[in-house]
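Quick look at what TrEMBL lists:
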- 12-31: transmembrane segment (TRANSMEM)
- 37-59: transmembrane segment (TRANSMEM)
- 80-102: transmembrane segment (TRANSMEM)
- 141-160: transmembrane segment (TRANSMEM)
- 172-193: transmembrane segment (TRANSMEM)
- 213-233: transmembrane segment (TRANSMEM)
- 245-263: transmembrane segment (TRANSMEM)
- 275-293: transmembrane segment (TRANSMEM)
- 305-323: transmembrane segment (TRANSMEM)
- 428-446: transmembrane segment (TRANSMEM)
Amino acid sequence: MTVSTSLSRTETLSLFSLSAACVGIIANTFQGDGEPLIASIAFSGIAYASTYALIRWLGDVFMRAGLKGRDMSKTRTDEIPETMGAVCAVVYLLIIIVFIPFPFYKDIVMATSGGGNRDLVLEVQHVETGRLLHRFPHSKLSSYLSAILSIQSVVLLGVGDDLFDIRWRHKLFIPAFAAIPMLIVYFVDFGVTQIVIPTPLRSYFGALFDLGWLYYAYMAAISIFCPNSINIFAGINGIEVSQSLVIASLICLNDALYLSPFTEYPHPATDSHLFSLYLLLPFIGVSLALWAHNWYPARVFVGDTYCYFAGMIFAVVGIQGHFSKTLLLLFMPQIFNFIYSAPQLFHIVPCPRHRLPKFNARTGLLECSTAEFRKPLSPLVSAVMRLMHRLRLLRIVENDAGQITESTNFTIINLWLVWFGPMREDRLAIGLLTMQTIVGLVGLFIRHRLALWVFTADNLHYTYSSA
Ligand code: UD1
Ligand code: MG
């Protein structure tokens, strides 16, 4: 299969009509109050169309720049463009930068002419002395800008990694630096470092427990975890983009629960959930365009750039939207994969450069990939691995002397193959994604329904009576 670099007639026509319709919708929002949510949806349509076209046009350019990779799970040996996440990230950043005035349209009008009355002529010294500008929600703007800054920094890391293959132990901590702008805004604006204690434990700790600086460490840890956990749950066509799309859609679903048809009165958390939607909708737009090219059989690879970019967006919306625990519920498969991978990540057992499943060219199916152990493993590690083997959490091969010489790689993707046997790449991806969607939906259900068992109130059903 050759990679076609131009758009077909139908594609050009559909992308063009989509963009034209979206531009029309955006122009229309100026008639009313700016309607930021509608504008955001329209911007996401433009993001989709532009990313789709650019991925196609820039494929060759990326290949010439050396950004390419071989699909290890196919019989063909030619290379395809990699780092297409960079295209997504650039389109995304441009779109959310252009979008900045929209959520603030009402405030700008109010702040500049008073009471939303646009035909009132203001004397310039009133504006400049800030007498009216104080109404402008600077804190909301700084959240938005710091989010952009954090995402942008992590994209730089991702591109650097795709170009130079940065060592794991170095790249692990870079997202923590990228998170600093966002954490400072959190400190200045919100500064809440207390956590609500579940009811059964209240007699020991009280209702609230102040984590202090540990809360910032926790948020930095989330910023490190989200990007990296997506990058290690990778290696089969479409899995990186699809898992990000599932997480993004579930967060949007959770955000929607806080908006008007679902809550009776303006909910106090409406603004932070709108903020999350403004950041996620264009992300879904660019990701769908990438998905169309990265799903089995992949025509492009997403690169580490995409994994970091996606993970950082989730960290940013989770932290600034004040729902980091709900976010972690939606990261269950990634958390499992990380814990399961830990022995290899921390080199307790050897870790090959690639842990993606092994392609069997004869059957066309993917099989578990394995790590070989030349040196004998310590008795404790061997014992644990034998137990895991018996529990079907791993598959090991022992030699005549009873030493473990080989085991399947410690990833959730390989574990799926241990459980369900060899399968085609797309069926493997669909299986894992279905599991992820079900786990996420159950997580959200637990979050909103069963949370009342351990907490006195679920913040979705907010009441004005004091807690
Ligand atoms: C992470 C994983 C590694 C996995 C790799 C695959 C850890 C610690 N690292 O490394 O085990 O093998 O991702 O993405 O868990 N590729 C395919 N098919 C795909 C996607 C990627 O063959 O669907 C190959 C291509 O050759 C591509 C390369 O993987 O060029 C990309 O690997 P890279 O993202 O650089 O690996 P890491 O993120 O370092
Ligand atoms: Mg990667």
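Note: Cβ is positioned from N, Cα and C throughout, glycine not excepted.
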Cβ contacts under 8 Å made by the transmembrane segment (37-59) with residues that lie 6+ beyond its boundaries: 3-7, 11, 15-16, 18-19, 21-23, 25-26, 29, 80-81, 84, 87-88, 91-92, 95, 98-99, 102, 274, 277-278, 281-282, 284-286, 288-290, 292-293, 299-300
How about long-range neighbours of the transmembrane segment (172-193): same chain, 6 or more residues beyond its ends, C-beta under 8 Å? 139, 142-143, 146-147, 149-151, 153-154, 157, 210-216, 219-220, 223-224, 226-228, 308, 311-312, 315-316, 319-320, 322
I'd like to know if the transmembrane segment (305-323) touches the transmembrane segment (141-160) in this structure, counting it as a touch only when three or more C-beta pairs sit under 8 Å and are separated by 6 or more positions. yes
Report the listed stretch (12-31, 80-102, 305-323, 428-446) having the maximum count of Cβ pairs within less than 8 Å of the transmembrane segment (275-293). 80-102
Any contact between the transmembrane segment (428-446) and the transmembrane segment (245-263)? By contact I mean 3+ C-beta pairs closer than 8 Å, pairs at least 6 apart along the chain. yes
Segment-segment contact (the transmembrane segment (305-323); the transmembrane segment (213-233)) at 3 or more Cβ pairs under 8 Å: yes
At a C-beta cut-off of under 8 Å, are there same-chain residues at least 6 beyond the transmembrane segment (80-102) that contact it? List them, or none. 3, 29, 34, 36, 39-40, 43-44, 46-47, 50-51, 54-55, 58-60, 62-63, 67-71, 108, 141, 144-145, 148, 151-152, 155, 158-159, 162, 278-279, 282-283, 285-287, 289-290, 293-294, 298-307, 309-310
In the same chain, who gets a Cβ under 8 Å from the transmembrane segment (213-233) while lying at least 6 residues past its ends? 150, 154, 172-173, 175-176, 178-179, 182-183, 186-187, 193, 195, 239-240, 243-244, 304, 307-312, 314-315, 318-319, 324, 327-328, 331, 333-335, 337-338, 341, 345, 411-413
